[in-house]
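*Asks:* For reference, TrEMBL lists these features for the protein:
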DOMAIN    143-281  domain 'O-antigen ligase-related'
TRANSMEM  12-30  transmembrane segment
TRANSMEM  42-58  transmembrane segment
TRANSMEM  67-87  transmembrane segment
TRANSMEM  107-126  transmembrane segment
TRANSMEM  133-151  transmembrane segment
TRANSMEM  157-173  transmembrane segment
TRANSMEM  180-199  transmembrane segment
TRANSMEM  272-290  transmembrane segment
TRANSMEM  302-331  transmembrane segment
TRANSMEM  343-362  transmembrane segment
Amino acid sequence: MRQYRIKYVCTLYDILVLCFILWWISSSFIFNSRVISNEQLIYSYTLSVVYVATRIFRSSISVQRRLYICIAFLGSIEAIIGWGQYWNIIESNHPLFSITGTFTNPGPYGAFLGIALLIQIHFAWHKYIAKQYMSLFMLLIVGLLTGSMFIASFSRAAWVALLIAVSFFFFLFQKKRYRYAGLLLLILFLFSSPFLYQLKKQSADGRLFIWRVCTELIQSKPYTGGGASSFAARYMYAQADFLEKHPNHEYAAKATNNIYAFNEYLRIACEYGLPGILLYVTIWLHGIYCKATYCDRLRKLLLIYLAVFSLFSYTFQVLPLAVLCIVLGAFQNNNSKFTFYAFPMRYLVIMLLLMTIIAWSGTRSSQYEKKEILFTAKQLYTQQNYADAKEYLEKAAYLSPTSEILMDLGNSYFHLQNNAKAEHCFRIACNMVPGRILPQYYLFRFYAITMRNQEAITLGQSILFGDYQLEGSIAMQAKTHIKGYLSDIRMQTK
């Protein structure tokens with residue numbers, strides 16, 4: 001009896017993805033010291049498994065269609081949840097934003113609504129062409145529900161992505177009138193850009209500032225990058241260095257702690273260097289412009305949407321969006337013309353087992369348990385166990401530094417009588433967020449306690465007359481203490 005073996009068909013897209021994974025490993029563990037936490041390592045492994053699983057099951061067009069219907073349905077559910085949050089019936093997942101859906105931030109929430117709305121528009125158009133008016137009417141009702149909440153989400157990145165994706169939707173048609181419609185939408189985008197910028201000017205300026213600092217990170221390691229998750233580990237130090245060199249920068253007073261690049265392409269360039277960004281962009285372009293036999297329009301439009309959204313946000317750091325990117329990219333493989341060879345499925349299973357063993361062994365070290373490290377560091381510091389807190393705060397400052405962590409680390413060094421390191425930490429914290437009074441106050445207090453009166457007086461006067469972000473009672477207490485210190489110094493000099 002003849003036996004049939006299931007074979008895995010390898011394509012150009014697979015080769016590109018494999019090259020990116022190999023470079024990811026090299027950049028993260030060979031060319032650089034590891035900074036990726038155990039949680040992020042598991043996250044990356046999960047995305048790899050999703051890709052391989054999608055390729056193995058060889059999803060048909062009908063399966064893809066069911067997925068799109070499911071996303072469109074979930075989008076309408078998310079819209080209903082959003083309206084519930086708008087009317088204070090359902091609690092938001094963010095203290096500063098009233099509408100987030102089931103997400104933690106309105107940015108990714110708006111992105112998901114835009115994906116669902118794009119699918120609904122695509123289906124509605126085909127129902128219109130097929131003259132199925134009852135189905136069209138239902139889709140219009142659902143689209144109105146989703147679209148209204150999509151606008152209310154105030155996700156400008158999602159707005160721009162949808163506008164450009166719909167423009168390309170019209171460009172896919174042969175008739176000139178449809179292409180003219182797409183051209184008009186692109187012109188509308190160009191003319192609306194200043195309005196979108198002014199709509200949330202402070203937020204837009206913040207992203208421009210972050211991108212400026214990103215160029216410093218890229219220049220520091222242009223070829224190998226810093227490795228996976230190195231952006232979060234390196235960015236705040238780069239921001240501190242930049243603001244120390246440019247103390248009068250227009251955004252210096254507004255700078256805050258940050259771990260996101262708000263641009264996936266810049267993040268990839270920072271973490272994986274020139275080879276990484278070239279592979280990343282090539283994968284996107286191949287996924288969008290592939291010549292697959294049954295490469296459907298909707299999949300291309302969704303990839304265009306996500307590619308544009310990635311210019312202004314952190315797509316691959318939001319699990320639902322990252323999984324969708326992976327799945328859409330893997331879908332085009334199943335009928336791709338760029339086929340190299342086939343090999344037995346057991347080889348792929350062996351490779352998955354090896355990946356699992358590597359990922360498991362990588363998570364065995366407690367040195368990279370980021371959440372546990374941050375929690376333990378805060379707990380020990382609150383208990384004033386400075387000797388043990390120092391060890392965990394140093395790990396936290398290595399994996400994900402913030403001005404608060406540097407201040408706590410500086411205080412720990414001070415109580416352990418290591419004044420040089422304490423001052424160094426306080427200075428970095430001040431340069432990270434020059435517009436916040438607390439790091440400046442910690443440095444002032446350090447100078448005052450260590451009897452460096454002249455430096456304390458200079459910094460104290462600067463704090464009293466400086467323009468800082470509002471910090472409520474903390475700022476008032478700090479200024480009161482500074483005034484008392486300066487008054488005592490004047491009394492002593494008389």
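Every residue gets a Cβ built from N, Cα and C, even glycine.
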*Asks:* Does the chain bring the transmembrane segment (133-151) near the transmembrane segment (12-30), so that three or more CB pairs sit under 8 Å (pairs 6 or more apart in sequence)?
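*Replies:* Not in contact, no.
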*Asks:* Are there three or more C-beta pairs under 8 angstroms joining the transmembrane segment (180-199) and the transmembrane segment (42-58), sequence spacing 6 or more?
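*Replies:* By the criterion, they do not touch.
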*Asks:* Which stretch, 67-87, 107-126, 272-290, 302-331, tops the Cβ pairs under 8 Å count with the transmembrane segment (12-30)?
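*Replies:* Checked against 67-87, 107-126, 272-290, 302-331; highest Cβ contact count belongs to 272-290.
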*Asks:* Please spell out the DSSP helix, strand and coil residue counts for the domain 'O-antigen ligase-related' (143-281).
*Replies:* 107 helix, 0 strand, 32 coil
*Asks:* Which stretch, 107-126, 157-173, 180-199, tops the Cβ pairs under 8 Å count with the transmembrane segment (67-87)?
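*Replies:* Result: 107-126.
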*Asks:* Determine the mean pLDDT over the domain 'O-antigen ligase-related' (143-281), rounding to the nearest whole number.
*Replies:* 90
*Asks:* Let me spell it out: take the transmembrane segment (180-199), skip the flanking residues so only those 6+ beyond its ends count, and list any with a Cβ under 8 Å from a Cβ in it.
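*Replies:* For the transmembrane segment (180-199), the sequence-distant neighbours (Cβ-Cβ under 8 Å, at least 6 residues beyond its ends) are 154, 156, 159-160, 163-164, 166-171.
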